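Enquirer: Feature list, courtesy of TrEMBL:
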type	residues	note
TRANSMEM	34-53	transmembrane segment
TRANSMEM	59-79	transmembrane segment
TRANSMEM	126-147	transmembrane segment
TRANSMEM	153-172	transmembrane segment
Amino acid sequence: SPPQDSNDDIEDVSLFDADDDVSRRSKKSKIRHPVASFFHLFFRVSAIVVYLLCELLTSSFIACMVTIILLLSCDFWAVKNVTGRLMVGLRWWNQVDDDGRSHWVFEARKVSAQGGKTSSEAESRIFWLGLISCPMIWVLFAFSALFSFKVKWLAVVLMGVVLQGANLYGYIRCKVGSRKNLTSMATSYLGKQFLRQVSAQAFSTPG
């Protein structure tokens with residue numbers, strides 16, 4: 001049989017069989033992990049603030065670059081391994097097997113037996129707001145650095161786009177499934193819209 005695309009090898013596994021029963025009983029609107037919520041935003045917001053104010057704080061480009069890259073690296077590790085698991089019950093990673101094939105692995109916290117949500121709605125909003133908005137800001141910085149000919153900052157800005165964009169891409173795939181599932185969702189949506197339009201036209205056409 002023809003070899004399969006290594007990027008399509010998706011494996012879904014459960015996230016930590018033992019769930020915290022106390023967390024399940026908490027109110028949906030309560031922030032259950034304040035430390036994780038704080039650091040989910042702290043590193044990425046700090047990197048943006050340092051980038052905006054670095055020329056006012058110091059004249060050393062190297063010091064600013066190292067500080068921003070350290071903050072971005074800490075943010076990448078914390079969001080990928082800690083805050084996603086605690087705040088929304090999701091985690092992702094990519095591993096290479098002995099044959100050199102790349103596998104995307106997704107973990108999702110199991111839903112409680114009562115069918116209730118195990119994630120706080122407040123934490124979920126904080127998580128996705130920070131996850132989506134900050135990469136968009138770095139994309140704007142990239143265009144700004146490109147069109148203002150700040151070549152020395154371009155590498156730093158691209159680092160922000162890549163690191164935070166990787167987490168965004170990983171968690172979106174973790175949330176909605178593989179690219180095939182995403183395609184089927186889009187196809188289903190377009191199909192429903194088409195049928196709705198056809199039905200509306202049929203009912204509006206005079207007999």
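Positions of Cβ are set from backbone N, Cα and C atoms, glycine also.
Bear in mind that TrEMBL entries carry predicted annotations, made automatically and left uncurated.
Give me the lay of the land around each of these features.
Expert: The list of residues near the transmembrane segment (126-147) in space but at least 6 beyond its ends in sequence, with Cβ under 8 angstroms from a Cβ of it, reads 31, 37, 40-41, 44-45, 48, 51, 79, 83-84, 87-88, 153-154, 157-158, 160-161, 164-165, 167-168, 171.
Residues 44, 47, 51, 64-65, 68-69, 72-73, 75-76, 79-80, 84, 88, 90, 92-93, 131-132, 134-135, 138-139, 141-142, 145-146 of the same chain, all 6+ positions outside the transmembrane segment (153-172), place their C-beta atoms under 8 angstroms from a C-beta of that stretch.
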Enquirer: State the non-local partners of the transmembrane segment (34-53) in its own chain: residues 6+ outside its ends, Cβ under 8 Å from one of its Cβ atoms.
Expert: 64, 67-68, 71-72, 74-75, 78-79, 82-83, 86-87, 123, 126-127, 130, 134, 137-138, 141, 153, 156-157, 160, 164
